[in-house]
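Participant: Submitted below is the structure of interest, expressed as structure tokens.
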């Protein structure tokens, strides 16, 4: 049933990367599984508890990593020649923009997190260490 759902998504939104991911996309999937997913419970704890300034550096690393991968994915969606793809892909500008709209929130949310970590005074404050 999950494979049917994946097939339906890939067909509806003309996303061949989900059915036959390029090697670079597979690398991003592994990064997501082994780097990004472990970050989620840690970040959830820090943000729900509140006052955890230590989350700043991991959040900056996470958000810049995700944003970087999404730039590559979005560029692929916009500029790749999908006419040779076995699974098909977006052919018109409208189809490319539709697929782009699916991936865009995965860029915007990390950028908002990065902006928060860099600009929010709560996270910018660096405590001075006591000298011995």
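Each residue, glycine too, has its Cβ placed from N, Cα and C.
According to TrEMBL, the protein has these features:
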- 1-114: domain 'EXPERA' (DOMAIN)
- 27-48: transmembrane segment (TRANSMEM)
- 60-79: transmembrane segment (TRANSMEM)
- 99-123: transmembrane segment (TRANSMEM)
Participant: Residues of the same chain, at least six outside the transmembrane segment (27-48), with any C-beta under 8 angstroms of its C-beta?
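Facilitator: 21, 54-55, 58-59, 62, 65-66, 69, 72-73.
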Participant: With DSSP as the yardstick, break the domain 'EXPERA' (1-114) down into helix, strand and coil residue counts.
Facilitator: 93 helix, 0 strand, 21 coil
Participant: Express the predicted model's confidence over the domain 'EXPERA' (1-114) as a mean pLDDT, rounded to an integer.
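Facilitator: Mean pLDDT for the domain 'EXPERA' (1-114): 93.
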